[in-house]
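Structure provided below as structure tokens; questions to follow.
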């Protein structure tokens, strides 16, 4: 089962990716992890990626596709894989298709922007332990304090409203067009496309995914 997850940052993809991986026994493929592994391994592709990144440039689509092809040929991808964060653009989706990387399901996590802002901006973390709270959905017993240690909770830099809104603008400009792209691919019979209501509680979203994926 080969799956692509689409949806804005904060739409709940990460939580459900864990569930899909465990239930269907497939690995999650992150392009960031692949790039780091390639650079560390010192492979030919890794050297190319390192040179580009050291120059402060973005790694080319061709290079990322080559890494994806290599990664999905590995034994743990025999039953499929889960792609999150790639493709991000229509040219990347086209390049995947041309490289013969077919996908069984494209799942779009649909959550309104304002709810995403609410979800992310309300996060508070206890950095030493990694415990995460939310001022509205999962508040600590004492406001601003960790339940276990009583230490101060902080807000991640990435969770500040200005940063979140900027990421949402980027998502709508670059990645949202993929929704139309994969809807057409599904109409042509090349993949299955499903929209998931990401505003529902985690357990309900999970149940919806089980119905879709079988």
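Placement of Cβ uses the backbone N, Cα and C atoms for every residue, glycine included.
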Between 84-121, 122-159, which stretch does Swiss-Prot give the note region 'LID'?
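That would be 122-159, per the region 'LID' entry in Swiss-Prot.
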For the ATP site that Swiss-Prot describes with 10, 11, 12, 13, 14, 15, 123, 132, 133, which of these is also annotated: 192, 200?
200
Including all protein chains shown, what's the count of other C-beta atoms within 10 A of the C-beta of residue 10 (ATP binding site)?
24
Rank the binding-site residues 12, 14 by how many other Cβ atoms lie within 10 Å of each Cβ and give me the one with the fewest.
14
How many neighbouring Cβ atoms, not counting its own, are there within 10 Å of the Cβ of residue 123 (ATP binding site)?
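Other Cβ atoms within 10 Å of residue 123 (ATP binding site): 19.
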Cα within 10 Å of residue 156 (AMP binding site): which of the binding-site residues 14, 123, 133 qualify?
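The binding-site residues close to residue 156 (AMP binding site) (Cα within 10 Å), listed in sequence order, are 123.
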Can you tell me the CA-to-CA distance separating residue 59 (AMP binding site) and residue 14 (ATP binding site), as a whole number of Å?
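It is 24 Å, counting Cα to Cα.
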